[in-house]
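Q: Take a look at what Swiss-Prot says about it:
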DOMAIN    1-175  domain 'Macro'
BINDING   ASP11, ILE12, ASN25, GLY33, VAL34, ASP35, SER122, THR123, GLY124, VAL125, TYR126  substrate binding site
ACT_SITE  ASP35  active site, proton acceptor
Amino acid sequence: MKPQIDVIHGDITTMHVDVIVNAANPSLMGGGGVDGAIHRAAGPQLLEACKTVRQQQGECPPGHAVITLAGDLPAKAVIHAVGPIWHGGDRHEASILEEAYRNCLRLAADNGYKTMAFPAISTGVYGYPKAAAATIAVDTVYRYLSLKPMPEKVTFVCFDEETLHLYQRLLTQRGQELEI
């Protein structure tokens, strides 16, 4: 069965999906960009849940992901993924970013979630080149969904038009029919 992957331009905090992915930092305590937006929209319960995870597991290293409740968000849960900081590509950034996406997909499936939304992990303050990050994201999600039944649908939520067009082009090359 062909994977169900879509892309939209919008605000990930308003997505009515089972789980949204947060591009988190290792502390899980919120920050700038999408991380800060998710924490603000979710309310104080999300920060408390992240504090509990930190107390139990410590910091979340790059490539890893953890799951928490969603607080005031319309989603059921939030998966916090820590992507790599871009250092020019010679510090295994690509494999770390791929691992982050894979771990998110695995956590969603393991928890029975059928629909999920991703931001463009590591492309904000972490400086990962958008085109390279989009290619890794699409390839990783496509490969995973081609082999596994869950999650059933993944949506990439793009903050800007440039990123949206990158994802649209990549998904079209993969033969995805996009709702535009």
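In case you wondered, yes, glycine gets a Cβ from its N, Cα and C as well.
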Q: Is any of the binding-site residues ASP11, ASN25, SER122, TYR126 within 10 Å of ASP35 (active site, proton acceptor) (Cα-Cα), and if so, which, in sequence order?
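A: The binding-site residues close to ASP35 (active site, proton acceptor) (Cα within 10 Å), listed in sequence order, are ASN25.
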Q: Give the residue from the binding-site residues ASN25, SER122 that has the most other Cβ atoms within 10 Å of its Cβ, counting over every protein chain displayed.
A: SER122
Q: Per residue, counting other C-beta atoms within 10 angstroms of the C-beta, which of the binding-site residues ASP11, VAL34, GLY124, TYR126 reaches the highest number?
A: VAL34
Q: ASP35 (active site, proton acceptor) has how many other Cβ neighbours within 10 Å of its own Cβ?
A: 22
Q: Please state how far apart, in Å and to a whole number, the two most distant Cα atoms are among ASP11, ILE12, ASN25, GLY33, VAL34, ASP35, SER122, THR123, GLY124, VAL125, TYR126, the recorded substrate-binding residues.
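A: That value is 19 Å for the farthest Cα pair.
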